[in-house]
Amino acid sequence: MSGVVLLVLAIILITIFSLIYYTIFFEFDETTFSKRLRVLTEYAKRTNADKPTPDVLGHVSDVYDHTYIVSWFRTNDLSTYHETVHDDTVEVFDFLEQQFSGAQATVTQRVAPVAAELDAFVVTNDAGDVKLRCPQNFSFDYGQLKCVPEDPCSGRPPGRYPMNELLLDTLVHNQHSDKNYSAGAHLYHPTLYLRCLANGSHAVRECPDNYTFDAEAGECRVNELCEGRPDGFVLPYFPEALLVNEFVECRNGEHVVAQCADGQVFDRALMTCVHAHPCAFNGAGHTYITSDIGDTQFFKCLNNHEAQLVTCINRAHGADGQYACSGDARCADLPKGTGQLVHIHTDDTFEYASGQMICDNYEVVSEINCDTGDVLGDKLFINKFKLNVQFPLEVLEFGACAPATLNNVSVLNDTFPIENAPNDYGVNMQTSVVGRTSMVAKLMAGDDPDTAFGENVLLARDVNTVGLNPFTAEPIDCFGAQLYDVMDAHRANVCTESGNDLLKTVEFGDGAFLSVFRDDLTGSDADYKQFCAISYESPLKIVKSDHFQRRILTNILQSDICADLYTTIYQKYTTLARKYTTSPVQYNYTFVKRPENMVVYAKNTRFKNATISEPAFDLFAAQTTDKENGFARSLFDPFADGVWRSEPGGDGDHWAPEVPPTQPEPELEPESETELDSDLELEPEFSPLILNKKDLFYSCFYELPSFKLSSCHAENDVIVDALQQLRASVKVDTECELAKDLHFVLNAYAYTGNNIGCRSVFDGDDVAVVKEPVPSYVFTNLQTQSNDGVRYNKHVHVKDGRYMACPEHLYDDEAFACNAEPDKLYYLENMQQ
């Protein structure tokens, strides 16, 4: 029992000793020890004549610009005592005095590299500049402000290189010794070698078993296998390039490749040549090569008598002697599958390196893929424009990914296409506006996106052309069968169906406008005089002028909608009952506004807002009787001699004098007042219809007129009263109950969903909101009454599932009410239908 205890105790002691030993061994830093020894030696040389060596010695061990570290170590064993961090703008360290003192002057740069000497650098101390050198096999890295090991592949082309003692210490043992390696520089490791890759990186490789690295040839060679063996001895050695009819045998103490007789193959199991198919003895899955196939091909047995030819990117030979495909297809274009492949992205506008791949023997050993995601993304500018260009977040620069800028991205074209979001009018603006690459720099600098966009675009109107080629920015006449610019809609081009030849250019003057849904692109409106034209010169202001409204005060024309509606209403509300006799003269004509200013006065009529306090005639004077209708004549008639008249279908206003009767009218016997009351009721007097002014509201999508709202002024009491009655007695179809408030504006339309379209109409008798048999328009967005989410019609309002038509300036959104003017009639027209 005592012997076992002693054995266990001995094992424990040995283990403890081993742990302590290896701890000391692995923690020992030979480089640090050498540095401290030199520091101690230098201090002793310069001070031992005056003072003894201190127990703890400090020295500046690291410098980071104005920050430096003082390392303190014990002088008896050179072990670490402690470290302190200091700022040289505050205090400096005196090595000989071993103490700190206040900084006397500010030094802008403490450490600087030496351009011609990679291992040297200059340190500026309090006494001046001192040139220092890194240890051998080190170079100074100014970016890290320290000495770093030299790159083992620096100055070497890609390939295989032998491993000397220096490479073994630094790459295998990870030790950077300060010793001199020149004595054993010609000695190399027998199987390890250095593989330098195309990108300057490196890897340590080892030859297979029974192979030795040939330093001169730079490749692994098989060891001699025939030492002490007779000639003709067949070796169980099957190198990768050995054909199916070949084998290796010994001759004169060396191994050579021999061949079987014609028609024979070498059976590696029997170790002899045989007359048989290569698959006969090995079966399915066996692989072999012949002299008539390529270096990347091999045969694979399907059964005992059939084989298929397999073609690879790279043919590999496994430890089991079988062939297999290996390698990455991406390395196939590199010589011998080895080298560096930089990925270059090229489009119509930019070119940049997006990454790189390093291949070694058809295998990818390293790969860098930068984040080339579009930094602009799917961002919309001014809520409708998208840049049809990709600018990466990162690019490859100096072998690493770096933020993309116009300095590391090549500009191939100064302009790029711009797309616009789909709209209800099908307007494609890619020929109207193109982007300038200067926009990208502004966006990358953090400028306001919309401002950067608007200030860096080229407009077709700027170069006086109908359209621009989206990719080259050159002026064009055709881009498909039709070409127009909604930002400059005073003309349009009609081209052949192929879009190659221009047929004609349509100019839009007064009364005409661009109508995108018509084959001839021409719409007509007598009131329209290019009111949607944009007068800005700044591209930023132009591209922002996507939706606006123009208001125009003008005259009611004889043939416009105001005249038609008011004439119909006037006739309805001034038509007498059968017991009255219709006056053929006064009510068969309508007073209208001439092209020039003209005032038409009503016949002896007192308006509701009249302020005349004295009578214009004697009410009790004897009245004369009109022979034509039997009614008493007016005592005051300013139109007794003539009247301005405009007949429906006539050619304007003209003066029509009254024709005197050819013979005197016989006087009628006076009748008693009682008889007049009982036999004849007098026809009531109505104020004449005066058609004078109207307000027009044109909604514009850029220079494309979309909706026209006519606000017809009523200057007649009959019309004002009629409007009040019509609005108070609106008829509504059951399906259009939610849209009943469309009645404020005639011809207003709203789609309420479920295939129901409602429209406000005047049928000659009443105002009604009716359901259309087939909806004129079906909208996916009920709130905006559009399909693209844009509210083009500013006069139709939607709130809480209810629909109202009201001039935009009269609409009360909070109360969902229309403050319609009592003396105005509103009519809405879709100009792009």
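Quick reminder: no glycine exception, Cβ is built from N, Cα and C everywhere.
Residues annotated as signal peptide in Swiss-Prot, with sequence analysis given as evidence: 1-18.
Cβ-based neighbour count (10 Å, all protein chains) for Asn137 (N-linked glycosylation site) stands at 17. Annotation source Swiss-Prot lists N-linked glycosylation site at Asn137 (among others).
Each residue in the zinc finger (147-196) has a pLDDT score, and their mean in this model is 87. Per Swiss-Prot, the feature zinc finger maps to 147-196.
Asn180 (N-linked glycosylation site) falls within neither a helix nor a strand when secondary structure is assigned with DSSP, and so counts as coil. Around the Cβ of Asn180 (N-linked glycosylation site), a 10 Å sphere holds 9 further Cβ atoms from the protein chains shown. The N-linked glycosylation site annotation in Swiss-Prot covers Asn180 (among others) and is backed by sequence analysis.
The feature N-linked glycosylation site is assigned by Swiss-Prot to Asn199 (among others). Around Asn199 (N-linked glycosylation site), a 10 Å sphere centred on its CB holds 19 further CB atoms from the protein chains shown.
DSSP classifies Cys207 (disulfide bond) as coil under the three-state reduction. A sphere of 10 angstroms centred on the C-beta of Cys207 (disulfide bond) encloses 20 other C-beta atoms. Positions annotated as disulfide bond by Swiss-Prot, on the basis of sequence analysis: Cys207-Cys220 (among others).
Taken from Swiss-Prot, the feature N-linked glycosylation site applies to Asn210 (among others), supported by sequence analysis. Counting only same-chain residues at least 6 apart in sequence, those with a Cβ under 8 Å from the Cβ of Asn210 (N-linked glycosylation site) are Val222, Asn223, Leu225, Tyr237.
Marked as domain 'Chitin-binding type-2' by Swiss-Prot: 223-281.
Secondary structure at Cys260 (disulfide bond), as computed by DSSP, is coil. Look at Swiss-Prot and you will find Cys260-Cys273 (among others) tagged as disulfide bond.
Residues or ranges marked as N-linked glycosylation site by Swiss-Prot on the basis of sequence analysis: Asn408 (among others). Under the three-state DSSP scheme, Asn408 (N-linked glycosylation site) falls in the coil class. Under 8 Å, Cβ to Cβ, and six or more positions away along its own chain, Asn408 (N-linked glycosylation site) finds Tyr352, Val395, Glu397, Ala402.
Here Swiss-Prot flags Asn413 (among others) as N-linked glycosylation site. Under a cutoff of 8 A between CB atoms, and with a sequence separation of 6+ in the same chain, the neighbours of Asn413 (N-linked glycosylation site) are Asp348, Thr349, Thr437, Phe471, Thr472. Under the three-state DSSP scheme, Asn413 (N-linked glycosylation site) falls in the coil class.
Taken from Swiss-Prot, the feature N-linked glycosylation site applies to Asn588 (among others), supported by sequence analysis.
As annotated by Swiss-Prot, N-linked glycosylation site applies to Asn609 (among others), with the evidence given as sequence analysis.
Closest to Asn180 (N-linked glycosylation site) in space, going by CA atoms and restricting to the recorded positions Asn137, Cys220, Cys260, is Asn137. Taking CA atoms as the reference points, Asn137 (N-linked glycosylation site) and Cys207 (disulfide bond) are 27 Å apart. Candidate recorded positions: Asn199, Cys260, Cys273. Nearest to Cys207 (disulfide bond) by Cα distance: Asn199. Cys273 (disulfide bond) sits 29 Å from Cys220 (disulfide bond), taking the C-alpha atoms as the reference points.
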